[in-house]
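Database features (TrEMBL):
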ACT_SITE  Glu340  active site, proton donor
ACT_SITE  His371  active site
ACT_SITE  Lys500  active site
Amino acid sequence: MSTWDDLAAHQASVGQRALAQLFENENRAAEFSARAEGILFDYSKTNIDATARALLIRLAEEAGVARRRDAMFAGAKINETEDRAVLHTALRDLNAKVTVDGADVMPAVREVHARMSAFARDVREGRFAGQGGAITDVVNIGIGGSDLGPAMGAQALAPYADGPRTHFVSNVDPAHIHDVLAPLDPATTLVIVASKTFTTQETMANAAAARDWMAAGVTDPAAQFAAVSTAEDKTAAFGIAPQRVFGFADWVGGRYSMWGPVGLSLMIAIGPERFDDFLAGGRAMDNHFRTAAFVDNLPVLLALVGVWHNQICGYATRAVLPYDQHLARLPAYLQQLEMESNGKRVAMDGTTLPMNSGPVVWGEPGTNGQHAFYQLIHQGTRVVPCEFLLAREGHEPELAPMHRLLAANCLAQSEALMRGRSLDEARAAMARKGLRGDELERQARHRVFPGNRPSTTLLYPRLTPFTLGQIIALYEHRVFVEGVILGINSFDQWGVELGKELAATLVPMLEEGADADTKDASTRMLIDYLRG
Ligand code: F6P
């Protein structure tokens, strides 16, 4: 029997037990939680017991997680389908010693970090100004990994933002760039075009629109553009001066890139020192991931809980529920990080995956979600494992009682999901309301909560730049560990290509009325409608 079989057999034998029963072990909370540098991860409100955990750890060991982790940090080409190293970790560890193909990659990383820090200071302190005065607004144009990281980070670290205002444009829907630019003054706006490839259709269309907008307001529009890209020939062709182009190597995947130049807009907003604190948080999580035993290792534990819920229990989705308004974009960020990384149908060797790939990740901040979709989480027929995140304190000391309300709601949800409310309890509640007989019975049934719904809770002291770095690196490594266990390549994204190619064939059909005969009848009908 394989470890997968052992896990399935174990799950079958314990699947029906009440989670609350597990707490008859008075040490359960301590035994099924782990801490790293101020962060507490509690997974005791899941059905994982000592046997399940031991089997899950065996799975990770058999998959070679430690060996593959060390290979990643050392610069080995673990992204095998693209023949690339995976070294986003080097962006946050400027003193690391890393070689790829025998060449030291760190001098270039340090050089770009120093240049972007200097540029961020120049913008913040007015040495780099617009044609109408100091820069008041920075617009980052990018999509996917060239947008979600800095956009999520700028919102997460809003309490630390003391530079120009930051804005993010990603969608090729003209409404996006139109609405963002409309209130801004071109003479005091800096546009950063962030695109690793500098070919992405949406980003190039938005960049061209921004250049036209800028040209209508200043005499030298290109002077207020910067670029974040690996394609220096293309940024030059766009007219952006080389001193304002910040490159990075192909071993940084888009969704792992916010630690380097893609984070430029965030760096300008919070300043290079705080950005370095963010890097330090990521580094601290790297060190933890590299050194802690699996049973104490946060990224490994998050991954093992994920595998248990998704591949073993068959729960197809996972709700990410930050009780932290500043993390409102975290679910969207994680959707790319997790679903683009681990939404794969074949293993590294090309064989069809024998188990489910990564889960559907979704969510919204608490407490808003409580008044929207938690109904289904509590009483729907599908189990949705929930991942709560909460800070011990916010950034508004004068409103501390509200933070306690927030915390109480967060803890109440995980408690309610686990305990539920039995039919007898519901009947008693209805009796207290004065109901009797059939009506009591009918009403009580609607008020039953099945309970036994698993959740985990991640607590952290405060959402500082350092803590955000820890959290993002934690999720990155969780994705990595899950990917290794599934035997897939978490670092390519071929699944996004087909739609891009087909979109290219459709543009002339929509624009110039080109022949649509090659398309299916549904697509032809839709084209006809859109042509008007
Ligand atoms: O569409 C997929 C993708 O390649 C993502 O992986 C990436 O983050 C995004 O597009 C943007 O790519 P680029 O930075 O090259 O514009």
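Please read every residue number as a count from 1 along the shown chain.
Yeah, the Cβs are placed from backbone N, Cα and C, and that goes for glycine too.
Annotations in TrEMBL come from automatic prediction, not curation.
Given the structure is predicted, the values throughout are model-derived calculations rather than measurements.
Rounded to a whole number, the distance between the Cα atoms of His371 (active site) and Lys500 (active site) is 37 Å. His371 (active site) carries a helical DSSP state (H, G or I). Under the DSSP three-state reduction, Lys500 (active site) is assigned to helix. Lys500 (active site): 11 other CB atoms within 10 A of its CB, across all protein chains. Cα spacing between His371 (active site) and the residue listed as 'active site, proton donor': 29 Å, rounded to the nearest whole number. Taking Cβ-Cβ distances under 8 Å and a sequence separation of 6 or more, the neighbours of Glu340 (active site, proton donor) in its chain are Gly144, Arg255, Gln493, Gly495, Val496. The Cβ of His371 (active site) has 9 neighbouring Cβ atoms from other residues within 10 Å, across all protein chains displayed.
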